[in-house]
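Okay, structure first, notes after.
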């Protein structure tokens, strides 16, 4: 993956830095090693997506200055910040559990930043009140954090971070602390506020939906390295690791393409509509899989595999079947269909996928 | 068997009362002489034999001389042990009346002894065995040129006195009254040794203590006599206590204190004969 | 429908078991020593009340000497607590929040006065701050300041003995407090000191209060270090415990009366402390 390489080493004298974020973050904490390069233009929302322990939070703490860089650099709007202490960085942070100061009211929490930046007590309170108003929290100015709902606390935390007028806004799992219902609502609000934000925003999350909805650009991190980056649509269509494929809910295989056929290594071949040559990925959603109890005879599908049910899982009114055998794959079917097929772990089934529902792309 | 023979001999040696005891004690400075006197002493033996522990509560000012006498007593009466509790006479008296187990009480004033006798905690009538005179203890070399009790009233001097509940404190009060002097100390110490220590540590410039304390402190302090002390001489009474766990040995110890031998040790420490 | 039922059943079983564990049979080998322990702790205090000279008590307690000693005790204990707060809280922060070589040793040394006999503390203070002490001789020759035999000396002796209580209490609270609040404050532009002052300090206020009350109570009861370092002079260095001790020599009734006053103050402090703890919980 060439995109991991640092295009502008820190040693280069006076490197030209465009406005926005330009960082090469290297943090060595054996056995953990983080080495990523991230860039973002003002107004852009960047999401760092990855499994737990991938290094997302380390990257965020390094950006905030709470963790020193082992090496690398951090430029914001052309200004080097890697030696600047956190309190002097124009960086705002929304922490995962918000960390609202429990002894201060919502208003005083938001006024804290402006006050530290030298505003008078009344100035900072006026500013804070304006921010709370913008967040629709006018009536909660005198409320202590423990009396705020999850969504309200999240907005106060956002207001507190924005009140310092940061040039870089960091959000650590901003929706993780919320229940599913609130999450939907708050996600929409957050998207709205992030769209209004004119500087760089970096979002750390393990939830692909948050990343897809909120970010313009996704950086996927695994084991401290970037494994893929691009627009959400691009990554959803072209996952490059099992992790991403699982995240976006796709069956993903790697093989060698020869015309309309991709030969998996090891495994069977998959017929696709794309015409490719050389290493390639093939992906198809679980909903593209059709299951049969007996070998189908009149089927037009070219992709036919004999499998065994390894497990069944209910997703709403859908059932996801985890299949092993000729080709390991996930298949979605309705509860009615599952009943008709008499599916149970250990059952033998035939799986078909139409070539038109597969998607192949060069690896 | 040999053991009991030994004990008998010890017993004979120890129980000598009056002249016999004095004889034995005066001879005790030389061990060979003591051994030699052991057999003749047997002739004047009385009933009890001495053993066990003698617990002596004694005024802090008696510390050096009584420690010496205690050692001699143990030497004279093998098998006995003398343990001391030195402190302010007032606090010792308080603990005796509160039931502290003790055989002998030697106080630094008749007033503190009276605390014990008032409660009838004494078995024998108190006897004055020495007297002590006050003296001013100053820093070595007397840098503040203190020559009289009146000098202590100078405002630039830090003077410590004993608390008036302690004999040395009431004696000092008496002396000051006799000289028509008003003295404000920096501290009223709980006993005479604490007062002296403050001068030894150079925290105070002077203290009114006993002659014996000045002597015991060696060159760490310098003594200054003052005429008012003559009117405030403390009598030191000693008494056997009512609930003495070891009355026989206790009696013997009191005898030792009052003997010529005992008196010579005490006067060497600076005490006056009664 | 069945699931709530099973949950309830499980709850009943669990709570039933909890009852079983406590109620039937406190074993005698535990109960008897426990009662003996209780009696041992309470009996002396009850005896103090039984033997109190109730008839002469009003007279005893209204005497100028008692009030002088009590007033001095309260002032000195409060001043010692203030001193402990000013230098003890930062010390606790240093121990809880920073890493430096020998921190464990420093921590052990800080708690030493907790186990040191107070008289030893008093002697040590004399050696350090006495007129002829290691530091005291310079204080004397440069500034003309001597600490023994002064009220300041009492405050110093009490602070020396009482401060470790505060440091230990505050350090424990700091360790339990989430350090990420300080991080959040720094990302908002607060210096580490501002973060401490405006965020950490209010967060650990209950711990500081509890530590201060402990230290104050310890200072109020201080005897050994005080009499050794500051001496005994009514109105200047004679605090309540010294007055009790000296009164016991010739006026036990006065000693009991003074002790009752201290007992009352201690009970009041405990009541206040309990209130605070309950509010914190």
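Note: Cβ is positioned from N, Cα and C throughout, glycine not excepted.
Annotations in TrEMBL come from automatic prediction, not curation.
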Listed range which TrEMBL flags as transmembrane segment, given the options C:26-50, C:226-250: C:26-50
Outside the transmembrane segment (C:26-50), six or more residues from its ends: residues with CB under 8 Å to it: 256, 259-260, 263
Maximum Cβ pairs under 8 Å to the transmembrane segment (C:199-217) - stretch from the list C:70-96, C:108-130, C:254-273: C:70-96
Same-chain residues at least 6 beyond the ends of the transmembrane segment (C:70-96) whose Cβ lies under 8 Å from its Cβ atoms: 103, 106-107, 110, 151, 154-156, 158-159, 162-163, 166-168, 170-171, 174-175, 196, 200-201, 208, 211-212, 215-217, 219-220, 222, 235-241, 261
Distant-in-sequence neighbours of the transmembrane segment (C:142-170), which means Cβ under 8 A and at least six residues beyond its ends: 72, 75-77, 79-81, 83-85, 87-89, 91-93, 95-96, 110-114, 118, 121-122, 125-126, 129-131, 136, 204, 207-208, 210-212, 214-216, 218-219, 222, 225-226, 228-231, 233, 236-237, 239
